[in-house]
Amino acid sequence: MALRDIFLLSMAMTAVTVQACPSACKCTVSLYGEMVVACGGMGLTEIPEDIPHRAVYLVLKDNNITKITSYSFKGLRNLQGIDLSNNKINHISSAALRHLGHLDDIDLSRNELTSVSEKLFDFPISSAKAQGRRFFVYLANNPWGCDCRMAWLAQELAGGSKTFGDRHMECATPAALAGRGLSEIPQTSFVCTGRDISFDSDGIIATPEESTAFPVAYKVAVVFGCITGLVTILLLVLTAMLYQKRRIRLGSKYELRWNKHPEFV
């Protein structure tokens, strides 16, 4: 085979266009069979649903994506790298990465995140440790709200974390902490008030204190169930009392008839 033919063959193998690629993306397969799905700078407002399951690297930077749900990466178990930098993400479900056991890094820098759940990274971190790999998260240049929800990350950074980068990790709120690095702030400064309302890691409206406990919707359901049960019991008791009272009245009526006209009873 001529040198020219070898060159053309290698070029074809390193840039194979995949038929099942989302319309807003470009899919290529490397010489080693690793698929790269590039959807950067396409004005996307959400993650495409038809990303090929064999994708290894997913590039979604420079778009207008606002949230990551628990189903955003469903079926994409082969992902090793995700680039979501420079979007408008303000909410990430704590279950978004729950199936990504091969993930090496995720870039969430330059978004609009004010808080992030520690649970979000549990599965990728534990999987990386079990496989002897390194897992890294880029979180720089987000408007962090330095309250109780971010205490865990501040503690990680202060301890010299090898998973979370500490560059450009400054507080945006509250005003007293604005501009200060998370790793420099004492744990006692990360406090919440009952008036602070926000979306928790699963998208349920709750106060920061409630975000670490049971979701508000769950509590409301429990209270509603208790009230419904109590009302049902009261209705049953009332029905039983009315039935008993009716039996007594009927018994008295028949007794009276017996006394007056025993021959007709």
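Even glycines carry a Cβ here, placed using N, Cα and C.
The disulfide bond feature in Swiss-Prot is assigned to Cys21-Cys27, Cys25-Cys39, Cys146-Cys171, Cys148-Cys192. What Swiss-Prot lists as domain 'LRRNT' is 21-50, and the listing cites sequence analysis. Annotation comment: Swiss-Prot describes Asn64 as N-linked glycosylation site, evidence class sequence analysis. Annotation comment: Swiss-Prot describes 76-99 as repeat 'LRR 2', evidence class sequence analysis. Under the heading repeat 'LRR 3', Swiss-Prot lists 100-123, citing sequence analysis as support. Feature annotation from Swiss-Prot assigns signal peptide to 1-20. Residues annotated as transmembrane segment in Swiss-Prot, with sequence analysis given as evidence: 220-240.
Using a 10 Å Cα-Cα cut-off from Cys27 (disulfide bond), the recorded positions that qualify among Cys39, Asn64, Cys146, Cys148, Cys171, Cys192 are Cys39. You'll find the Cα of Cys39 (disulfide bond) roughly 35 Å from the Cα of Cys148 (disulfide bond). In sequence order, Val37, Ala38, Cys39, Met42, Pro48, Ile51 constitute the residues six or more apart from Cys25 (disulfide bond) in its chain with CB-CB distances below 8 Å. Across the fold, the C-alpha of Cys146 (disulfide bond) and the C-alpha of Cys192 (disulfide bond) stand 9 Å from each other. Closest to Cys21 (disulfide bond) in space, going by CA atoms and restricting to the recorded positions Asn64, Cys148, Cys171, Cys192, is Asn64. Counting residues of the domain 'LRRNT' (21-50) by DSSP class, helix then strand then coil, yields 0 helix, 8 strand, 22 coil. Cys192 (disulfide bond) counts 18 other C-beta atoms within 10 Å of its own C-beta, drawing on all protein chains shown.
All protein chains considered, the CB of Cys21 (disulfide bond) has 20 other CB atoms within 10 Å. Per-site Cβ counts within 10 Å over the disulfide-bonded residues Cys146, Cys148 peak at Cys146. Per-class residue totals from DSSP over the repeat 'LRR 3' (100-123), listed helix then strand then coil: 6 helix, 3 strand, 15 coil. Put simply, Cys171 (disulfide bond) is 13 Å from Cys148 (disulfide bond) when counted between their Cα atoms. Cα of Asn64 (N-linked glycosylation site) to Cα of Cys171 (disulfide bond): a span of 23 Å. Remark: of the disulfide-bonded residues Cys27, Cys39, Cys171, the most isolated position is Cys27 (fewest other Cβ atoms within 10 Å of its Cβ).
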